[in-house]
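Quick paste of what TrEMBL says about this protein:
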{"type": "BINDING", "residues": "Arg46, Asp103, Glu104, Ser105, Lys145, Gly162, Asp163, His240, Ser241", "note": "substrate binding site"}
{"type": "BINDING", "residues": "His116, His141, Asp142, His214, His240, Asp273", "note": "Fe cation binding site"}
Amino acid sequence: MTMFLEQTDDYFGNDLEEKMAPTNEKELADRGFVVPHFNSFGLRFRDYDVESMRQEGVENFYRKNHTYQCYDFVKKMREEYGKMNKAEMDIWKCCELLDGVVDESDPDLDIPQIQHLLQTAEAIRKDYPNEDWLHLTGLIHDLGKVLLLPAFGELPQWAVVGDIFPVGCRFDESNVHYKYFKENPDYNNPAFNTKYGIYPEKCGLNNVMMSWGHDDYMYLVAKKNKTTLPSAALFIIRYHSFYALHKEGAYKHLMNDEDVENLKWVHIFNKYDLYSKSNVEIDVEKVKPYYVSLIKKYFPTEKLRW
Ligand SMILES: O[C@H]1[C@H](O)[C@@H](O)[C@H](O)[C@@H](O)[C@H]1O
Ligand SMILES: [Fe+2]
Ligand SMILES: [Fe+2]
């Protein structure tokens with residue numbers, strides 16, 4: 001059985017010491033963002049059970065996602081995509097490619113993903129004008145959804161989007177549509193179906209295998225292409241879909257002290273990621289020059305390896 005202990009670099013051999021976020025999180029909280037009560041369909045956000053035009057499709061998505069995302073699958077995908085040999089492309093081009101992508105796991109949004117990226121980034125920019133690293137984080141946090149496109153392997157939706165969860169230990173009941181984990185090959189595996197499974201207590205999320213998708217992929221792309229974004233940005237990108245942890249407080253026993261610090265940033269980020277979703281579209285060409293300048297600032301090369 002593989003144990004992920006005392007790891008000081010990631011699976012590329014990259015040094016894990018990343019720069020700290022430039023400002024104190026406490027000074028940054030509560031910028032007056034007004035949380036809307038309803039999404040653009042007039043329903044509560046993240047209500048996976050209420051009858052709606054998206055409910056059935058979303059539930060169907062999670063049935064597949066929970067059935068197929070097992071330890072062996074995740075391991076294979078990390079290895080395969082860790083090679084970064086799928087494409088060479090600049091970040092803005094990838095944003096544009098997402099113009100044609102709709103996320104089937106999302107009960108709150110059915111407009112193209114480039115709008116979600118810009119809505120998130122612009123909402124953050126309004127409340128945190130000086131934290132340009134957080135604007136860029138907003139822009140790129142969901143870019144990993146390019147995995148759905150032919151040039152990046154054309155993975156099915158269940159392998160790209162939706163909430164994420166650890167594999168290698170018991171699935172927590174707070175995961176949405178928990179019941180579908182019963183079909184997962186790991187569900188009855190005694191090595192995996194205990195509270196800690198294969199992980200030591202407080203081993204740190206970096207040592208935990210998360211279900212495969214746009215989060216881990218984009219984290220790998222950013223690291224591999226040597227971004228100078230602070231560690232909080234990389235943590236946000238990697239764990240923003242881990243709702244069982246950041247919303248429900250499950251799996252905390254796997255976090256180390258650094259994770260606890262970084263999680264505060266995910267809480268801030270999540271408000272903008274979730275509640276900026278609306279059908280009021282952003283003028284892409286108008287904001288493009290600003291974001292292109294941020295990409296230049298935080299990525300050493302124009303063309304990234306994907
Ligand atoms: O449906 C959404 C969507 O796929 C988001 O990009 C992801 O971050 C969320 O966690 C998920 O629930
Ligand atoms: Fe996401
Ligand atoms: Fe998002």
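For all residues, glycine too, the Cβ spot is worked out from N, Cα and C.
Annotations in TrEMBL come from automatic prediction, not curation.
Describe the structural surroundings of these features, if you would.
Other C-beta atoms found within 10 angstroms of the C-beta of His240 (Fe cation binding site) number 24, with every protein chain shown included.
His214 (Fe cation binding site) carries a helical DSSP state (H, G or I). Other Cβ atoms within 10 Å of the Cβ of His214 (Fe cation binding site) number 26 in total over all chains.
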Sort the binding-site residues Arg46, Lys145, Asp163 by C-alpha distance from His240 (Fe cation binding site) and give me just the closest.
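The answer is Asp163.
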Identify which of the binding-site residues Glu104, Asp142, Asp163 has its Cβ surrounded by the largest number of other Cβ atoms within 10 Å, counting every protein chain shown.
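Going through Glu104, Asp142, Asp163 one by one, the largest Cβ count within 10 Å is at Asp142.
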Can you tell which of the binding-site residues Arg46, Glu104, Asp163, Ser241 lies nearest to Asp142 (Fe cation binding site) in space, using Cα positions?
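Closest by Cα: Ser241.
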Three states by DSSP: which one describes Asp142 (Fe cation binding site)?
coil
For the recorded Fe cation site, enumerate neighbouring residues of the same chain (Cβ within 8 Å of the Cβ centroid of His116, His141, Asp142, His214, His240, Asp273, site residues themselves excluded), in sequence order.
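So the additional residues around the site are Leu117, Thr120, Lys145, Asp215, Ile237, Ser241.
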